[in-house]
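Visitor: Sending over a structure as structure tokens; questions will come in a sec.
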Amino acid sequence: MTNVYFLDIFMFVYVLQFLFYFKESMLGVLVNKFLGLLVVVFSYTDSLPLSSVISVFTFLVLLTCCFGGYFMYSFCPCGMIEFTFVYAMVAWLSTLLTFITSEKFSIYISKAGDSFLKTFSMLLVELVSEVSRPLALTVRLTVNVLVGHVISMMLYQLLELYLGIFYVWIVVLAIVMECFVFFIQSYIFSRLIYLYLNE
């Protein structure tokens, strides 16, 4: 079984060309369809054309971190508050800097016809609202991923207790539930970044 024959290599290369090498390869078509679906899900707008790209990139990075951490180390890095806080700060700063460079920022700070006291108090309220966003993103992502992990593991332990360890589909069900939590939380986080960009 350790012998490698020419026909084996030929068949391997023959299959690989359909996956990678042609202009319309199977893998390329699959990736293009998936990315097109993500752009549709994140509802591309003409006012901020890069907002959907940033959201899709955020979604894919978080999904990669979740799956990579879970399948390599059996713990998702999005469940660690340090990782999510740093990622939320970077994402929030990118949205804040995009917002500051737009023309809406001066209208956002002071509206015409308002008194000084009202403008000052509204500025403080808006400032607190802006500064609390990375903390809200951090807590939302961390807690939801941890709660999803705990609930899926509790269900797994409960099913294993009553049905025994002989059912392989219980382990598969627990992994599928974890993956579902990763998809949902990555989507919610990137969707919030998209909404912050479109304000």
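Glycine residues also receive a Cβ, built from the backbone N, Cα and C atoms like all the rest.
Residues or ranges marked as transmembrane segment in Swiss-Prot (evidence: sequence analysis): 2-22, 25-45, 53-73, 80-100, 143-163, 164-184.
Locate each feature and note its surroundings.
Guide: Proximity of distant same-chain residues to the transmembrane segment (53-73), defined by a Cβ-Cβ separation under 8 Å and at least 6 residues beyond the stretch ends, is recorded for 35, 38-39, 42, 83, 87, 91, 94, 145, 178-179, 182-183, 185-187, 189-191, 193-194, 197.
Residues 48, 54, 58, 62, 65, 108, 130, 133-135, 137-138, 141-142, 189, 193, 196-197, 199 of the same chain, all 6+ positions outside the transmembrane segment (80-100), place their C-beta atoms under 8 angstroms from a C-beta of that stretch.
Listed by sequence, the residues of this chain that lie at least six past the ends of the transmembrane segment (143-163) yet keep a Cβ under 8 A from its Cβ atoms are 66, 76, 78-79, 170-171, 173-174, 177-178, 181-182, 184-185, 188.
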